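Student: Structure below; questions to follow.
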Amino acid sequence: MAEAATVVPGDNALEWAQKDKRRFLHVVYRVGDLDRTIKFYTECFGMQLLRKRDIPEEKYSNAFLGFGPEDSHFVVELTYNYGVDKYDIGTGFGHFAIATQDVYKLVEDIRAKGGNITREPGPVKGGNTVIAFVKDPDGYTFELIQRGPTPEPLCQVMLRVGDLDRSIKFYEKALGMKLLKKTDRPEQKYTIAMMGYADEYETTVLELTYNYGVTEYTKGTAYAQVAISTEDVYKSGEVINLVTQELGGKITRQPGPLPGINTKITSFLDPDGWKTVLVDNEDFLKELQKEE
């Protein structure tokens, strides 16, 4: 393949992850009733249904929802597999987060529509930030965080990891993310690291959580992956190859075009088994235009 010639070996490849222009595109997870979840997210969270498609030959449907268009915002990609109405979320997946200017009002709106509030609004322990937690109809947890106006309300994906320093190093090297903040809470026996491409108040971040003494978690069958854009999947694939050899994890799909739609991707697992898909940005934008 001609594109493969762009791969740069060795240390030069690692520099690519820092130079590449990347952003979080979407997070993919499975739900038991697509229309029920769409109704909950649009009515309770205020998301917009951006697109919906049915793939009968592969027996699944999916829907994309978020707070703005996919070419500029992080969105959720919900997947419904025909005949499967329940999934195991597992112990490793944590939560998604939504930033709002008034957590109290949002919680009352969700409660009025029958939503499950699992933590009432109020300041975080030892701090001033007002938060609440709710569960969607499939049992996924959403943290609601009170903030000023933000361009990206869908602001976090939280995953639990067994070795925080290893994970920080992995996401810095493999995906060019920055460590935005690291907070240790010894009284609650956990440490968190916020990883991303810009300030956590402006964009989506990955929140990695290490619970003292816990090195392994179950993945369940519900949460699937995050997708991130790249300017070159082949160069990015070379970086992933080097980093997985050093820190663990593995490539699950070598860089190349997807059959049928020709969008170039590569996918891999981090050292804890969490999956990321890197998507060619130009191909992704072309795919969106075709679906309009």
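Cβ from N, Cα, C; glycine included.
Caution: TrEMBL annotation is automatic and unverified by curators.
Copying in the features that TrEMBL gives for the protein in this structure:
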| type | residues | note |
| --- | --- | --- |
| DOMAIN | 23-147 | domain 'VOC' |
| BINDING | E77, H95, E143 | Zn(2+) binding site |
| ACT_SITE | E143 | active site, proton donor/acceptor |
| DOMAIN | 153-281 | domain 'VOC' |
Student: Can you check which residues sit near H95 (Zn(2+) binding site), meaning Cβ under 8 Å from its Cβ, same chain, 6 or more apart in sequence, and list them in order?
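Tutor: Residues satisfying the criterion: F133, Y140, T141, F142, E143, Q156, M158.
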Student: What are the helix, strand and coil residue counts for the domain 'VOC' (23-147) according to DSSP?
Tutor: 25 helix, 57 strand, 43 coil
Student: For E77 (Zn(2+) binding site), which residues in the same chain are close in space, meaning a Cβ under 8 Å from its Cβ, but six or more apart along the sequence?
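Tutor: Non-local contacts for E77 (Zn(2+) binding site): H26, V27, V28, Y29, N62, A63, F64, A227.
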Student: Work out, from DSSP, the number of helix, strand and coil residues along the domain 'VOC' (153-281).
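Tutor: Per-class counts: 28 helix, 57 strand, 44 coil.
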